[in-house]
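Asker: So Swiss-Prot lists the following for this protein:
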- 550-560: compositional bias 'Polar residues' (COMPBIAS)
- 573-583: compositional bias 'Low complexity' (COMPBIAS)
- N47: N-linked glycosylation site (CARBOHYD)
- N416: N-linked glycosylation site (CARBOHYD)
- N472: N-linked glycosylation site (CARBOHYD)
- 550-599: region 'Disordered' (REGION)
Amino acid sequence: QHYPLGDMDGEDPMGELEIPSKSFYRQNGEPYTGKVKASVTFLDPRNISTATAAQSDLNFINDEGDTFPLRTYGMFSVDFTDEAASESLNVGKVKVHLDSTQVKMPEHVPMMKLWSLNPDTGLWEEEGDFRFESQRRKRREDRTFLVGNMEIRERRLFNLDVPESRRCFIKVRAYRSERFLPSEQIQGVVVSVINLEPRAGFSSNPRAWGRFDSVLTGPNGACLPAFCDDQSPDAYSAYVLASLAGEELEAVESSPKFNPNAIGVPQPYLNKLKYRRTDHEDPRVKKTAFQISMAKPRPNSAEESNGPIYAFENLQACEEAPPSAAHFRFYQIEGDRYDYNTVPFNEDDPMSWTEDYLAWWPKPMEFRACYIKVKIVGPLEVNVRSRNMGGTHRQTVGKLYGIRDVKSTRDRDQPNVSSACLEFKCSGMLYDQDRVDRTLVKVIPQGSCHRASVNSMLHEYLVNHLPLAVNNDTSEYTMLAPLDPLGHNYGIYTVTDQDPRTAKEIALGRCFDGSSDGSSRVMKSNVGVALTFNCVERQVGRQSAFQYLQSTSARPSPASTVRGRAPSRRQRASSGSQRQPRGVASLRFPGVAQQPLSN
């Protein structure tokens, strides 16, 4: 049986998998001779849109124990099950054929190896070498293939890679606003770089991406590894983007204004790097990434010695560079995300934790992040809120821990479908470690929505772990959060780490991917879902709450007191502090106590 790898229009496959008959066997070692259900997924580096779907940075550890980068010629995962899809099958003899004509850099051919991703370490491990083999394909010319052998014993991601040595570092910082103040730098931002293959005229494929890397910003920004070239400044280019808890940050504009002071890099080096934000030629494109030429700094050039590109051997200089040194910038924009903690806590500073029964994170240095995946079926993206209150603990019952708002992410392939990975307060021991609290969590889509379904395994778990929350309102969902970490089969994602930012990023990656061990930067709406809501667009002309309050005819008299709570408003706040969006006035009503956003 032959399985092609790659299906680019107008292009031959990168290669194929060849599996001889009678190669399958069960988990206990017994041969399997029945029908096989096969699934082969290939990430084709010739398609730039597949780069963000890569599950791991491309790194391996060499014989000396040093971490080195890889350049990929494609990644693939395989899943073989029996006819009933009840048991995963192992495969004893598998051949991987790589078309040598697809390897555009001749020096890479003898260096090509087959790698597999270790899910525990996140590093790639060598599976074997390739050998040359000439084959005559049907109705085609003779081709030379690189052939490697492997055995599939567990579900892993495999890779066709070569080690690469021409490396540099890119200095990037993230800020809370366009003021770019050093005091407003953000830690815990995931900054990612996609290394594009050399441009036309250089000895490689100008359309392919070769590497994906991600780094978390610290108190002094981040240094991202990327390929570079000192002989030809245009040889390699890099595509850089940044996100915080699923929220994309914005890069500094390059058109119509091109301000080196705002970008963070002085001339003439900036022109040499050819900085372009993604909307440079089309203002309709998102503004959340930029592309540069990876021109390695010349050692005898003063204007290139102070960043933002550093030679590989100058990593320490990159990491210790002051904010005044050249660097690229991202910043937060006012959006549809809101975080509120009853007990304030700065996630950039774990030492700001205080003892309190209502602390969102009850145990310092052991931060447990919990997310639930919510699918929205409807024409618009929707803000989804979690309202988190004490549920079973005598000190916290009925009291608010905090609120989280996030906007659903549109599915790339399905119209009228979006999904949200929504944080909620984990159940468990409170700060005194005396007894547990089952957090009462309300999941509330902010729109005209109707609950369509609840994950059957999650529902069964909650029924079997009493008490069971009441769910009479079909526009929302209420649960006493599970004590167990559960997993993607339930639509619940839980990660514990010494750093709250790291715990949240790992949990978010799993939630986006819909798996308990993988990670994705692309939302996969149909897998690992806990709740599904059907949402419709509000009717045109329907009176809003603000219009109602402004209407004199809607109130019996000017002296009347407005009863109930103030209407919620869209806003976002950085973790550790709440701030109001620009240009929105604070609305206060007589006789109504001001509260955090709530339903």
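Cβ coordinates come from backbone N, Cα and C, glycine included.
Burial and contacts for the listed features, if you can.
Answerer: Following the DSSP three-state reduction, the secondary structure of N416 (N-linked glycosylation site) is coil.
Less than 8 angstroms from the CB of N472 (N-linked glycosylation site) sits no same-chain residue that is six or more residues away.
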Asker: Non-local Cβ contacts of N416 (N-linked glycosylation site) (under 8 Å, 6 or more apart, same chain)?
Answerer: V377, G378, P379
